[in-house]
Structure formats: C-alpha cells, structure tokens
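**Q** This is the structure I have questions about; it appears just below.
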Amino acid sequence: MARISILGIGYVGVVSAACLAEDGHTVVAVDVDPAKVAKLNAGEAPIVETGLTPLLQRNVARGRLSATTDVSSAIAETDLTFICVGTPSASDGAVGLNYVKQACKDVAAAIRQKSTFHSVVVRSTIVPGTMEGECIPILEQASGLTAGDGFGVGYYPEFLREGTAIDDNYNPGLIVFGAIDPVTEQLLHDINAGLPCACNVVPVATAEMIKYTSNSWRAVKVTFANEIGNIAKACGIDGQLVLKVLCSDDKVNMSPYFMRPGFAFGGSCLPKDVRALRHLAGEREVSTPLLDSVLTANAGQIERAETMVENAPGKSIGMVGISFKAGTDDLRESPLAELASRLISKGFDLRVYDPSVSVAYAHNMGGSGRGNGIVPDLKERLVDEIDELIEGADILLVGNRYEEAVEPLTEAASTKSLVDLTRIDPKMRSGGLYAGICW
Ligand code: NAD
C-alpha cells in the first residue's frame, strides 16, 4: 500500500483522499485553509458529496486518513503527492495557474529536505504543455533536483462528476495518466489496480489534452442534446425520449465511430439531414447555433485541406480516394470530390486512384450520384494502379484509405509531398514532406 499526500481538500482532493484511504493507502491531506483541515480531522466532509462522510469517518478513525496545513510534514511522511488545487479561469478566460504554481513550489521545497525518492503527480486540470512548461521547471528549481531522476513526475487527470464522485471513482469510464519516470508510472498503475477500467498510459501532454477533450465533448453533447430538444419541442415531440432511445444504441451511435479526427464528413445523409433539421428549426423559429457551427466547421476542414495542398510544391496531384469514404462509389456530397474540383479550378493537374469508383465506372453502375459532374472529366482522371498514380504526381493527396495503397504511399513519402487526410500510417506525423490534416 502507498503513502500518499494530497494538496487541496476540495471536490477532487477530498474524494480522492477518502477513496484512497478506503482502499488501504495511508493518506495525508493538505490545505491552506485550516477550517477544511479541522473538518477532515474530525471525520466531517468539507463538501456535500453522496457517500463521502462515512468514508471519511471510517478512515480517520482507522488512522489511515489525516489532514494538515503543513506541506513539509506531509511530504516527509509520504512517497507520492497528488496536487488537486483549483485552476479557476483568469480574467481573459485562460487557465489560472497561480494555485498550481504555488503548490509545486511548496512541494518542491519539501522534497529538497528528503533523502528518498518522491513522485509528484498533478490532478488539477491544466492546458497541454503546462507540466512541461510550468510545473516541471518550478519543481526542479525549487527542489534543486532533476525531474525523472531526482524525483518523479506524472499527470493524472480526474474525470469525476460531482454528485456521483465516489461511484465514479470506483466505476470509472476512463483512467488516463502519463509519467516521465517508471517509478511514478508504476505507482499510478498500483493505485488503479482492481478498478473495472483499463489504464491508458499516454505522454503527459496527451493526458492534459484528453482532459480538455473530455470536458469539451461533454459540453458539445449537452449543447447538441439541448438543440435537438428545442427542435423536438417545437414539433411537439419529447426530446428526452428521442435521446433516450438513441443512446440505447451503444453499438454505433454511442461508440467511437465518427470520433476520429480527419477530413470533413460528407455523403448522401449527414450534410443533407443536418441542413434539413436546421431548416425545420428555422421554420419553427428555433435557433441552432451548434448545428450551424457544425456545418461551418465541416466546410472549414475542406478549406484546410485545400490550403495544405496549395502549400505543397508542385502542380500535379495524385489523389487517393474521391468518393465520400473508402469502399463506396458514392460521390454525392463527397468532400473529396469538392476538394478535387476546387483544386482543378485553381489549375492543378489532378488524377485519381479510387478502386471503388473505377469499378463502378467499369461496370457502368448508376444510382450513386457518380455522374453529378462535381469533378470535371472524372472518368478520364481515374487511374487503375496506385504505382501509376504515384509516378506521375508531385503531390500525393490521400483522402480515403485503401490497404493496397498504404505501403507504396509511405515509401513515396520520402521523395514526394504527401498530404494525408486519413492517416494512412498511425506513426506518421507532419514534418518534412509529410503533412497530416490533424496530426
Ligand atoms: P476546489 O476549489 O474545490 O479545491 C481546491 C482546494 O485547494 C481548496 O480547498 C484550496 O484551499 C486548496 N489549495 C489552494 N492552494 C493550495 C496549496 N498551495 N496547498 C494546499 N491546498 C491548496 O477545486 P476542485 O473542484 O477540487 O478542483 C481541483 C482541480 O481539479 C481543478 O483543476 C479542477 O478543474 C479539476 N477537476 C475538478 C472536478 C470537479 O468536479 N470539481 C472534476 C475533475 C477535475
């Protein structure tokens, strides 16, 4: 069992302290507010949270949980510190780091007095890059030690929801952490062992980003549900029932599908149906700022790809994929077709490898909108072999992922510009001749 100090007896700190003590760890909670310290030592909860008081009472009585205003003694008695202080908005909306910076200084000064290895893990919500750019330099300067060697460092975001925080602790939907040293990483594994959720170990800045992504996503979900509810109401439909039924589909609608950063959405349904819903909402005088912005954002993604191609040297483009997704010949509202036609109108010489569309043309199949004329002379632009496409191009533009094209494209990326909208190889990152739309 670990010996853990927790800075900040707020919503996050006190719940963590209570649950970790309940799990058998020895926990010393620290706060600058003596009233909170006194309350905790009396086994009383400083916040209202279901199920918290019995955990505090039991573990204070057992001697596993105590509180102090003295950081040095807490650090001296423990091997691992969680920083759970607040990060309120600054006046311009930026993350406020004053409490985190002070906590890092306090912890580092105490580590300086220790002869044994100590790990410092931040749980406060901080924007990507804060650990590397702010916390670690402060910790190193104030301790006189090197991070990762003289002391351990990690970032371990908290995803609890107030009101169900204890249950969220024991039944988490997501566990994420990053550490710069193996000791800290192992401690975080040990603490989470036994929970019914896998640990996602990621780089520290990625963990910082995941926390913001999680909260932004939650915000989008709420806004989306509200907008649907507003339209449903205007139509006399129970919006809560609509979403309840939708969310009963945990196979597709609530799954990771559609949750992969990349190129714009398209096809014959999504853009059309979003437009229709907005139109309906307009008729009922319901405003839909979120749905409006979804389409604006989608159009922006096409422009982004266009700029990427324009920034690459050369005038001849070899495009992989033209239909709205791999494996279909459907060109209706394909954002790739839109992109191709824009590039052609700007004077680029563009050829296309898309086996699905080639097959459709070869078999003279109809009904999928292939003849809609968005891409001028598409039939003449199609090439049957990926090698032929690569050979004749200055710029390779990858819109859809076809397995047989992956190896030739990754090889070609050492000599030709590759603009990748689908991430053909998860290892590739922008730099040199390679440009990915989101990575
Ligand atoms: P809070 O304001 O309730 O608690 C912070 C505590 O830290 C306060 O008691 C304060 O006195 C104390 N503190 C400040 N400086 C200190 C220092 N130098 N040493 C010791 N104690 C100090 O904050 P919270 O709601 O628990 O949130 C903490 C962090 O966790 C924030 O970054 C927040 O964004 C994040 N978070 C919050 C929740 C939530 O639901 N509240 C969930 C996940 C993450």
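Note: Cβ is positioned from N, Cα and C throughout, glycine not excepted.
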**Q** For the NAD(+) site that TrEMBL assigns to ASP31, LYS36, THR87, THR125, GLU162, LYS272, which of ARG332, ARG342, ARG351 is also named?
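**A** According to TrEMBL, the candidate sharing the NAD(+) site with ASP31, LYS36, THR87, THR125, GLU162, LYS272 is ARG332.
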**Q** Out of LYS105, LYS114, LYS211, which does TrEMBL tie to the same substrate site as PHE159, LEU160, ARG161, GLU162, PHE258, MET259, ARG260, PRO261, GLY262, GLY266, LYS325?
**A** LYS211
**Q** Between the Cα atoms of THR125 (NAD(+) binding site) and PRO261 (substrate binding site), what distance do you get, rounded to the nearest Å?
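**A** Cα to Cα, THR125 (NAD(+) binding site) and PRO261 (substrate binding site) are separated by 23 Å.
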**Q** Rounded to a whole angstrom, what is the C-alpha distance between THR87 (NAD(+) binding site) and MET259 (substrate binding site)?
**A** 28
**Q** If I take the Cα of ARG161 (substrate binding site) as reference, which of the binding-site residues LYS36, LYS272, ARG332 has the closest Cα?
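**A** Of the binding-site residues LYS36, LYS272, ARG332, LYS36 has its Cα closest to that of ARG161 (substrate binding site).
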**Q** Fewest other CB within 10 angstroms, which one of the recorded positions THR125, CYS269?
**A** CYS269
**Q** Tell me whether LYS272 (NAD(+) binding site) sits in a helix, a strand or coil according to DSSP.
**A** helix
